[in-house]
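TrEMBL lists 1-66 with the feature region 'Disordered'. As annotated by TrEMBL, transmembrane segment applies to 75-93, 105-124, 136-160, 187-207, 251-277, 289-309, 347-366, 373-391, 411-433, 440-459, 471-492.
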Amino acid sequence: MLLERGRGIAEQYSPVGPCEPRGPGPARCYNPPRSMTRPGPAPRDLASQSASQRGPGRPAETRRPWTSRLRPPQLIALTFAAAILIGAVLLWLPFAHEAGKSITFIQALFMATSCVCVTGLAVVDPGSTFNVFGESVMLLLIQVGGLGIITLGTLFALALRRRLGVIGRINAQQQVSATSLGSATSLVRSIVLTSLLFEGLGALLLLPAFIPREGVLRGIYYAIFHSISSFNNAGFSLYSTNLTGFVSDPLINMVVTLLIIFGGMGFLVQLNLLGWLRDRRRNRLSTNTRLSLTMTGVLLVVGTVFFALTEWNNPGTLAPLPLHGKLLASWFQSVTPRTAGFNTLDYGLMGFPALFMTIVWMFIGANPGSTGGGIKTNTFYVIVASAWSMVRGRRDTTLFDRRIDTETLLRAMTVGLLSMGLVTAGFMLMLLLNTNKKVLFLQLFFETVSAFGTAGLSMNTTPLLNTAQEAVLIALMFLGRIGPLTFAVAFSRPASEKMLTRYPADRDILIG
């Protein structure tokens, strides 16, 4: 009796009658209440209805923009590409050039890419090729590339008091490396204000160096240009010989290098450090900040000492300089390879050991979440520390009494492997496309690493490259700025259900 009554209730609430088996295993059924199974009215298209049909207070539905369907890595890559194309067109226009000067579109594209990717490589001399309008376009592209297009777009939306949706917050979070959606918008404000503060302070400090040389108005313009270029790690100078004329100038050397260091420190590190300096009791330095500061200090000290030891008696670099000039030049050449691009010495006259150090420093780059490029200092540390832990037979990789999680280790290994693969592929293409016998093997390799690391240093090779080689460097600068992992994630297919399946481990594979 009770069994028959139970079957009746099941038939009453089941949309397909009694429970039926679906595939192997016990029979399963879904029995929703009758109210859920009654056919309701067809959904109405509010956008196609008139105001009277919708009724008062029922706004028409608007279509979501196509950009909202993009994943954050895709949006980052496309916004950078769009900024490069717009900048290339502006730099290609005749009224952006000095009288009697003209450039091809591929040269304009190269310069725009170098500006947006804050690299500093140049196929033409910016100071003598572009007029004030062209130089202003370069400065705008440097600022946009350094801060990030999405960062600036978020700031403009906040300035117009527009409310950011979830997608906008996710994109902002991805751009500025925020730890949560809620902190992304406030972090954007802090990043922009801090950047403008450093750039303004740097321009003021550079005024005494440029005004006596260039006059008041031009000196102010030069101070602003070089301050923005320094903080964003771009490395563009309005002088045809870059900053080689200031090799022994303490003011230029110290202000420019400090701006480079602060810009390459990372936005999150800057804010965490400033908060800690204001109130050490409430604010603590995060593990990321401590690692970034430690790696920055180690690279600066090791680079300065190594460069001084290897170039001290080189007649083409340090030998002719006084003692303070040698120390300043060694310090400057230790700072600038980490994606800045300025130079006070001729890299074409340096010895092999100094060039090797420069290549390694360009590949490592700046800190994560900064205006710089390279694989990033933290990535380099995690890779080296993981290998050292494996050699010592330790199961975990630790840092400041903390264990580095497996996902971070895998990300670091992936970034390192992809970066080496891109540099190798780019270098092979540069060799295959080379038609100038005066360009040597080392010069092409130096140029390739400089483009990928967005360092902008050159052994006086960039103007000697052909159009195909310039295209290779454009691609390397773009990939180096947005990051190889971001680019790979942006244009790879999402993991399927089969790819997410976890299989049994197999320890029979031999390594080494």
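Note: Cβ is positioned from N, Cα and C throughout, glycine not excepted.
Caution: TrEMBL annotation is automatic and unverified by curators.
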Could you pull out which residues elsewhere in the chain have a CB under 8 Å from any CB of the transmembrane segment (289-309), counting only those six or more residues past its ends? 261, 264-266, 268-269, 272-273, 276, 318, 326-327, 330-331, 333-335, 337-338, 353-354, 357, 361, 364, 367-368, 377-378, 380-381, 399-400
As a test: from 105-124, 187-207, 251-277, 411-433, pick the stretch that has the greatest number of Cβ pairs under 8 Å with the transmembrane segment (347-366). 251-277
Please figure out which one of 75-93, 187-207, 471-492 racks up the most CB pairs under 8 Å against the transmembrane segment (105-124). 75-93
